[in-house]
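Remarks on the structure that follows.
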There are 2 protein chains.
Amino acid sequence: MIEENNEIILKNYRIKIQTGLLHQLEEFIKPLWSQRQVALITDDNVGPLYAATVEKQLNKMNYKVVVLTIPAGEASKSWRQVQRVIELLAQNNFVRSDGIIALGGGVVGDLAGFIASIYMRGISLIQIPTSLLAQVDSSVGGKTAIDLPAGKNMVGTFYQPDLVLIDSTTIKTLPKRMLVEGYGEIVKCAALVGGRFWAIVQRVNEPEDIIRQAEKLIYASVSFKAGVVQQDEKETGLRKLLNFGHTFGHAVELLEDGRLMHGEAVAIGMVHVMAVFEQKGMTVSGTTAAISERLERVGLPLDAPELGTPAFYRAIQHDKKIRGDQLTLVYVKKIGEPAFFPLKTAELKNWLGAAI
Amino acid sequence: MIEENNEIILKNYRIKIQTGLLHQLEEFIKPLWSQRQVALITDDNVGPLYAATVEKQLNKMNYKVVVLTIPAGEASKSWRQVQRVIELLAQNNFVRSDGIIALGGGVVGDLAGFIASIYMRGISLIQIPTSLLAQVDSSVGGKTAIDLPAGKNMVGTFYQPDLVLIDSTTIKTLPKRMLVEGYGEIVKCAALVGGRFWAIVQRVNEPEDIIRQAEKLIYASVSFKAGVVQQDEKETGLRKLLNFGHTFGHAVELLEDGRLMHGEAVAIGMVHVMAVFEQKGMTVSGTTAAISERLERVGLPLDAPELGTPAFYRAIQHDKKIRGDQLTLVYVKKIGEPAFFPLKTAELKNWLGAAI
């Protein structure tokens, strides 16, 4: 991995983070993509804000552009949208050498990425994430997914884009709740990394500070994540670090059935997994409070009624990251010092005891 | 690639070809797969013949087995079956570390392989191909697929199994037409390879000879295909060799809408692409006749009414293997000497002229 000029170069693609990038697409796309048809996949929230800007530049580069708009929201990560978009690609005679650009948040990125990975066994992909969560999380690492009734992200692929373009100015148009949920993932990364990254996070004491510090926060998060992913593309080892807060978080998110956003669920998951380890004396005293305080400052939730209920344990059993009957909890011994704690899924409830 | 004892070892998995293998599964699966749940995916033709044998051995190895049966036939390579099987996997709490075994012909292999590649972003897979076509063609190389109304194999992935087990005795229960269509792909490989392989093919003068020579024919085909695939997993260069007969063949197959089997379409495609190159003086005279004769001996069709019609050219334009407006025809200058001929898709009709 090479880092310079807010640009992170992974094995096969690069991630460019830059203010105003959305208006400078030609510089990055033109050298990469030969003449081709491009499907610009977006949703009905992001499309009206940015699709015309992107389309205009693509037309100027002489690509033939087809704009495909999906309904905004998690419900679009469905078989129905996969089939609908793929039918449209086929009707427009898209072939392997054409391309897909995903313009939107995590839903658009996950869905368009999944489609790109399976249409004709793989068509080129560029990610332009516009939500903070997608910028720091889902657009990096090549995970694509749709949901099943049985759980989120149960179907998907690992598929790397040719390029990820992150324009931090797009987060200014996000509803406050979406801005703040993206920041939940940033705090997760900062707690794992510590040092200078944790220091930057100390400057965020209200939601508006997220926008003020956006470029630094995004860059720190993405370079951490890219480094981890680079070393472990298929999530067999180190990449599990990124699951900090996710074992409890995913379960709560599933049970809240859409009422909690992903970054909110991760915030809750992080605080509670940390509380357990701190209570057991495996974490430096005060670490949980330090993390909670950062999350609380921007108004992230720290609690959910489902924690520790029978439904909560059942949801954890369905987590696709659990290898057979084993699960691995991620925690930090102190800020910047992550650790793994493996245990049998069946023993989780007993082990947690009254700690949750 | 290492070859010994009718065993071909690819980068990440091996292909074992052996008479009676279907009764010796433990020797190969047990060392490879830890304790896990196994979904045995088969169809309603193959299931009644072999599923019980396989299931019994898996039970003996202490795997928990779920048998999932799909309707036999190309129509099962559909979104509907993908969704149905995936729902069943989710209901049975399959996780990433469980496994799928595909027991059947190309349809079962393509569908189960696709499902394995996308369920939880990838679950372990073993292929046990039972049709001759699947044994020599679709089970090797990691291609998975389902069909769209717009064309065959329009959706899929590249996904390598852990193991491919080929028991040549299963082809004895194939309907003659399916036996013969598999042989069409074998003649394709033999014409590309020449030498000893082409000599073995001379021993096949009626369909029953295919069974007599099965092990040699399968081994020669698979080792050729594995060698090519090894060097070019994602079909960007050398792997295109395997498309010999497929550009015309796929188009005819699509237009015949299920009336032609894949191996039959490839036979027709091969003969006609060769006739063109021979007429243009680019192939040693008599090569087309030598190939036709091999195909005719077992009763493979050599002609289809759609060749050269406007619908035929339209179907070729939809071929996913065409990179933008370019296509590459594969032919042999003589037996054992393959060559590529690239041309613009738009110019194909003129270039073929009266030759087709």
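Each Cβ is built from the backbone N, Cα and C atoms, and glycine gets one as well.
Copied from TrEMBL, the annotated features are:
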type: DOMAIN; residues: A:68-179; note: domain '3-dehydroquinate synthase N-terminal'
type: BINDING; residues: A:Gly106, A:Val107, A:Val108, A:Gly109, A:Asp110, A:Thr130, A:Ser131, A:Lys143, A:Lys152, A:Thr170, A:Ile171, A:Lys172, A:Thr173; note: NAD(+) binding site
type: DOMAIN; residues: A:182-321; note: domain '3-dehydroquinate synthase C-terminal'
type: BINDING; residues: A:Glu185, A:His246, A:His262; note: Zn(2+) binding site
Shell of the Zn(2+) site beyond A:Glu185, A:His246, A:His262, same chain only (C-beta within 8 angstroms of their C-beta centre): A:Leu133, A:Asp137, A:Gly184, A:Lys188, A:Gly245, A:Gly249, A:Gly263, A:Ala265, A:Val266, A:Gly269
In three-state DSSP terms, the structure that A:Ser131 (NAD(+) binding site) belongs to: coil
Among A:Lys152, A:His262 [binding-site residues], residue with fewest other Cβ within 10 Å: A:Lys152
Cα proximity to A:Gly106 (NAD(+) binding site), best match among binding-site residues A:Glu185, A:His246, A:His262: A:His262
For the domain '3-dehydroquinate synthase N-terminal' (A:68-179), the number of residues DSSP places in helix, strand and coil: 46 helix, 34 strand, 32 coil
In the chain carrying A:Glu185 (Zn(2+) binding site), residues 6 or more apart in sequence that have Cβ under 8 angstroms from it: A:Leu133, A:Val136, A:Asp137, A:Ser221, A:His262, A:Gly263, A:Val266
Inter-residue Cα distance where the pair is A:His246 (Zn(2+) binding site) and A:Ser131 (NAD(+) binding site), in Å: 19
C-alpha spacing of A:His246 (Zn(2+) binding site) relative to A:Lys152 (NAD(+) binding site), in angstrom: 12
Rounded inter-Cα distance in Å - A:Asp110 (NAD(+) binding site), A:His246 (Zn(2+) binding site): 18
Pairwise CA distance, A:Thr173 (NAD(+) binding site) versus A:His246 (Zn(2+) binding site), rounded so that it is a whole Å: 27
Helix, strand and coil counts within the domain '3-dehydroquinate synthase C-terminal' (A:182-321) (DSSP): 97 helix, 0 strand, 43 coil
